[in-house]
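One structure is given here, and the rest of the page talks about it.
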Amino acid sequence: MTEAASEGTESFAFGAVVERRDELDGRPWISYPVRVVADTPELVAVHLSHGTRLTFGDDPFSWGPHPWQLFGDRWQSAGILQLHRPGRGHSVWVLRDADTGAFREWYVNVEAPWRRTPTGFSTLDHEIDLVVPADSRTLRWKDVEKFEERARIGHFSPEEATAIRAEAADVAREIAAGEQWWDTRWSRWEPPAGWNALLQSFETEGS
């Protein structure tokens with residue numbers, strides 16, 4: 001059984017509306033509904049629609065308010081596909097141009113391996129990101145300084161910080177060698193008709 005299935009729930013069906021959340025201090029820091037594209041031992045893929053409602057946990061949190069809270073309670077960018085290989089400490093976001101819808105870049109979000117819950121998936125962002133433009137294998141590291149500051153002030157233990165750095169470095173090497181685990185054809189994936197409708201919450205939409 002994969003780590004993403006560790007709590008014993010069954011795989012979610014294609015099109016199911018589930019909760020995707022970051023959990024901090026034992027409670028949701030941010031959560032939002034997504035639609036399931038794939039849920040297998042090798043791949044979990046979910047779609048976040050433009051305009052989806054974002055729900056933020058009530059302060060105080062040890063890391064402060066979630067940074068997305070500055071931008072309101074809706075996902076304002078184009079819809080995105082999030083790809084996760086169970087057990088790995090990152091997900092890959094397929095980012096598109098907001099105006100044209102054209103594939104723009106792979107955005108590797110370093111985070112805790114997704115943990116399956118009865119309502120969806122739980123993780124926690126680890127700050128470091130890798131950005132790979134559509135026309136290049138050349139990647140750009142992002143927010144390393146933020147991660148190192150969190151490590152310095154104790155938001156990550158020394159062991160956790162070492163593991164996070166290693167995960168980011170492993171993904172960077174895989175990309176540079178053209179050996180990334182995800183299928184690049186996902187850059188051409190389009191959501192089915194009706195999936196761009198606004199999602200308010202996983203409870204109401206998934207019932």
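Quick reminder: no glycine exception, Cβ is built from N, Cα and C everywhere.
A quick note: this is a predicted structure, and the numbers were derived from the prediction, not measured.
Around the Cβ of Lys142 (active site, proton donor), the same chain contributes Ile128, Asp129, Leu130, Val131, each under 8 angstroms and 6 or more positions distant in sequence. Sequence annotations record features per position, and here Swiss-Prot assigns active site, proton donor to Lys142.
Summarising the annotation, Swiss-Prot assigns CDP binding site to Trp68, Arg74, Gln76, Ser77, Lys142. Around the Cβ of Trp68 (CDP binding site), the same chain contributes Ile30, Leu54, Phe56, each under 8 angstroms and 6 or more positions distant in sequence.
According to Swiss-Prot, the feature divalent metal cation 1 binding site maps to Asn109, Asp125, Asp129, an assignment based on experimental evidence. The number of other Cβ atoms within 10 Å of the Cβ belonging to Asp129 (divalent metal cation 1 binding site), over all protein chains shown, comes to 22.
In the three-state DSSP reading, Glu127 (divalent metal cation 2 binding site) counts as strand. Its Cβ taken as reference, Glu127 (divalent metal cation 2 binding site) is surrounded by 23 other Cβ atoms within 10 Å in the chains shown. Under the heading divalent metal cation 2 binding site, Swiss-Prot lists Glu127, Asp129, Asp143, citing experimental evidence as support.
Shown in sequence order, Gln82, His90, Ser91, Val92, Trp93, Asp125, Asp129 are the residues of the chain, 6+ apart in sequence, with a C-beta less than 8 angstroms from the C-beta of Asn109 (divalent metal cation 1 binding site). Summarising the environment of Ser77 (CDP binding site), the number of other Cβ atoms within 10 Å of its Cβ, over all protein chains shown, is 13. For Asp125 (divalent metal cation 1 binding site), the count of additional Cβ atoms within 10 Å of its Cβ stands at 21 [all protein chains shown].
When the neighbouring Cβ atoms lying within 10 Å are counted for each of the binding-site residues (Arg74, Gln76, Asp143), the highest count belongs to Asp143.
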